[in-house]
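Heads up, the thing below is written out as structure tokens.
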Amino acid sequence: MYSSSKLLVVVVVAAVVCLGAARGAAAFNYADALDKAILFFEAQRSGKLPAGQRVAWRADSGLSDGSAYEAILFFEAQRSGKLPAGQRVAWRADSGLSDGSAYEVDLVGGYYDAGDNVKFGLPMAFTVTMLSWSVIEFGDMMPRRSSSSFFGLVGGGGGGQLDNARAAVRWGADYLLKAATATPDTLYVQVADPYQDHRCWERPEDMDTPRSVYKVTPQSPGSDVAGETAAALAAASIVFRGSDPAYSAKLLDAARQVFDFADRYRGSYSDSLSSVVCPFYCSYSGYHDELLWAASWLHLASPSPETKDVYLSYISSNGHALGAEQDDFTFSWDDKRVATKGFLQSKQDGLQLYKAHTDNYICSLVPGANGFRSQYTPGGLLFKEGDSNMQYVTSTAFLLLTYAKYLASTGSAGATVSCGSTAVSHSTLISLAKKQVDYILGANPAGMSYMVGFGARYPRHVHHRGASPPSGRDPPARIGCADGFRYLHSPEPDRNLLAGAVVGGPDASDGFSDSRDNYAQAEPSTYTNAPLVGALAFFAGARRMVPP
């Protein structure tokens with residue numbers, strides 16, 4: 001499929017050991033969690049919803065824009081555009097069907113990033129990159145059948161999880177492809193003014209705020225957002241290389257063009273479009289990390305040795321100037337340095353100089369190891385930020401598992417990360433990742449799941465414009481801009497189940513307030529779910545191999 005079966009067996013054996021050692025701990029259905037995580041993306045769809053839309057409470061939205069199962073399910077709730085056949089989040093309907101039309105460009109489709117109705121290009125592209133990476137690394141471990149069946153879905157659980165994950169990738173990649181190829185030397189990077197959007201609490205199916213379109217050009221560059229878009233298109237091309245070669249080639253060609261644009265016209269979109277992208281998704285880390293990140297994905301995606309060498313040469317020649325030799329300890333939609341170095345040294349033997357930096361990052365996460373510098377809550381959750389901390393938890397868990405896979409691939413049973421006098425094995429990394437995933441699913445002091453719809457106790461007041469009011473498919477036929485705020489401030493539970501959405505999560509003391517007004521803790525995002533898809537796929541696959 002996407003990775004060596006023999007290598008997966010080695011890594012899964014380590015996971016089996018970890019799972020077996022944890023038999024006294026809570027046991028979770030990782031496949032069910034994966035189902036829901038993917039389904040979330042159907043709730044986030046913008047545009048004309050397709051036949052088969054599984055999130056039944058969503059309807060069409062944004063129709064003029066631009067002219068384990070549950071983890072994936074969330075992406076279906078976030079879809080913008082014309083929803084496809086097979087849409088499982090049945091409360092969603094078509095939205096954003098005219099996005100871009102006022103600018104004579106088709107920008108229908110894509111994902112709403114979180115609980116609002118804006119399509120932000122940088123986090124959306126990162127979401128597609130991480131969804132693709134999840135499939136590339138752990139697609140072999142995704143169950144071929146979905147396991148969930150609960151209210152709000154059309155037709156039960158839908159197809160296999162690998163198919164659903166691919167569909168989530170394609171929904172985002174289709175949009176990025178349009179945004180990248182509609183106009184020469186132009187990348188469309190955002191639909192809607194966030195300040196205008198946030199003045200309303202409207203379902204995406206009802207939105208009537210301006211669907212303004214924003215772009216980067218040679219005169220107003222955006223190497224950060226363009227670099228991430230190139231990475232997303234290149235990663236997605238790998239996902240479809242076997243199943244749809246023509247589409248894969250189209251994605252790869254667009255990725256190369258966007259990368260050339262990003263590299264030739266250097267500058268940050270935070271400078272070019274500061275009034276509408278900041279403070280929401282400012283590129284605080286700059287654009288250097290995205291250029292290396294994109295070149296890394298193009299190196300992996302390129303089919304010919306000659307083309308691979310072009311990008312490898314770029315990385316080798318520009319790495320120092322672009323900050324590749326600087327230690328960093330956070331992986332997010334904004335900062336890709338640590339992931340790029342781990343990715344490069346695990347995929348390319350000639351770049352082992354980055355291993356020391358990656359090892360420093362790993363050591364920073366392992367309690368008791370020399371170099372440990374992370375903060376964990378009393379309940380054991382990695383804590384980076386007060387706002388939407390779970391995004392760092394899921395991205396870190398994903399990197400731990402990919403690095404564990406790399407260590408196992410060395411062929412040595414004793415392959416470890418050296419943290420001073422402490423030798424950290426791949427099984428230790430798997431155990432640490434599992435603790436983070438299990439915390440999300442309910443193994444925490446509050447005894448609740450932070451994934452909506454998973455387990456008996458989970459957030460019921462999610463900061464999300466589509467989930468809190470009645471379905472876009474149900475009366476009242478329309479909820480106006482100001483009228484919707486009664487649902488934001490209502491103590492009543494969400495009218496629609498935003499299945500699979502992982503919210504921002506608890507504070508540094510494991511405290512959590514289940515309130516829609518508390519966006520820092522109660523708002524979900526696509527870039528939180530995307531790396532979790534890979535982590536859940538890994539543990540779902542490992543769980544199937546654990547003896548009873």
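In case you wondered, yes, glycine gets a Cβ from its N, Cα and C as well.
Predicted automatically and left uncurated, TrEMBL annotations should be read as such.
As annotated by TrEMBL, active site applies to H463, D514, E523. Annotation comment: TrEMBL describes 30-67, 70-536 as domain 'Glycoside hydrolase family 9'. What TrEMBL records for 1-27 is signal peptide.
Feature map: TrEMBL annotations on the structure.
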residue : record      : Cβ within 10 Å
H463    : active site : 23
D514    : active site : 17
E523    : active site : 21
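Cα to Cα, E523 (active site) and H463 (active site) are separated by 5 Å. Under DSSP, E523 (active site) is assigned to coil, being neither helix nor strand in the three-state scheme. For the recorded site, D514 (active site), the DSSP three-state label reads coil. In the three-state DSSP reading, H463 (active site) counts as coil.
Across the fold, the C-alpha of H463 (active site) and the C-alpha of D514 (active site) stand 9 Å from each other.
In terms of DSSP helix, strand and coil, the domain 'Glycoside hydrolase family 9' (30-67) has 14 helix, 18 strand, 6 coil.
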